[in-house]
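Here is what Swiss-Prot says about this protein:
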- GLN35, TYR36, ARG37, PHE38, GLU39, ASN67, THR106, LYS135: 4-amino-2-methyl-5-(diphosphooxymethyl)pyrimidine binding site (BINDING)
- ASP68, ASP87: Mg(2+) binding site (BINDING)
Amino acid sequence: MNLTIYLITDDKYFKDRDLFNTIEQALQGGVTAVQYRFENKTTRQMYEELVKLRELTRKYNADLVVNDRVDLALAVEADGVHIGKDDLPPEVVRKIVGDKMYIGYTANSLEEVKRAQELPVDYIGFGSIYHTSTKENYKLVGVEALKEAVKISQKPIVCIGGIMPYRVPEVVRAGCRNIAVSSGILGFADVKKAAESIKRAYQETLRMLMLMGKV
C-alpha cells in the first residue's frame, strides 16, 4: 500500500481529456496510487477502463484503487477498494475481498476516525481539509483536526480536500504522510508538472522536518 501521492479521478476533469494519457502523465510525475472514481459511466465502460488502468498502474509500480465498486475491484485485481458510510459495511466488504486487497474508509470527523479504529479497514480518508471544488456537499474539518486525527489513529490517515501544491507543506507538517489529490493535479493543464510539484513539496518538507528532528 503506497498512498503517498494518491490521485483521485473525477468526471469533470475528463470531459475533453483522454483518461489514459492523463493518468500516465500523472504517474510519470510521481503519483503513487490512482483511485478510479466515476459516476456517469456504465458498469461495462468502467470495467474496460479499469482493465487498461490496471496495466498502466502496474507499468509504473503504482496502486490501483476502485471507489465503491467491490465487484469491479475484484474483477480487475485492484490493489484496494475505497468505501464510504453509504456503501457496503466494511465487515461485509472484508468478507468479500478477504486479504486480496486493502480497504479504505472515509471519515469526516474525529469521532468517525475513532470509530473506524474498530473497523476491518486499512486506511482512513480524512477531510475535507480545505475548501474543495471537487465535491459539492462536504464537511470542512481543517488542519488542526488533521493533526489530531493523525495522533489518535492507529491506521494510516490519508488527508483529502482542496490540497494544492502550495498546501502540501502544511499537511505534511501536521503529520500526514499520505495525500489525496484531485484538482491539485487534474485541475492543471500540465498534469505531469502538477504531480511533480506535489511530490517536490512533499519531499522537501519531509527533508526539512527530518533535519529539525521532528520526524
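Cβ from N, Cα, C; glycine included.
Since this is a predicted model, take the numbers as computed values, not measurements.
The 10 Å shell around the Cβ of PHE38 (4-amino-2-methyl-5-(diphosphooxymethyl)pyrimidine binding site) contains 17 further Cβ atoms across the protein chains shown. A gap of 10 Å separates the Cα atoms of ASP87 (Mg(2+) binding site) and THR106 (4-amino-2-methyl-5-(diphosphooxymethyl)pyrimidine binding site).
Within the same chain, residues at least 6 positions away in sequence whose Cβ sits under 8 Å from that of ASN67 (4-amino-2-methyl-5-(diphosphooxymethyl)pyrimidine binding site) are ILE8, GLN35, TYR36, ARG37, VAL81, HIS82. When the alpha carbons of ASP68 (Mg(2+) binding site) and PHE38 (4-amino-2-methyl-5-(diphosphooxymethyl)pyrimidine binding site) are compared, the span between them is 10 angstrom.
Counting only residues at least six positions away in the same chain, the Cβ atoms of HIS82, ILE83, GLY84, LYS85, ILE124, GLY125 sit under 8 Å from the Cβ of THR106 (4-amino-2-methyl-5-(diphosphooxymethyl)pyrimidine binding site). For GLU39 (4-amino-2-methyl-5-(diphosphooxymethyl)pyrimidine binding site), the same-chain residues lying six or more positions away in sequence with a CB closer than 8 A to its CB are ASP11. When secondary structure is read from DSSP and collapsed to three states, ASN67 (4-amino-2-methyl-5-(diphosphooxymethyl)pyrimidine binding site) falls in the strand class.
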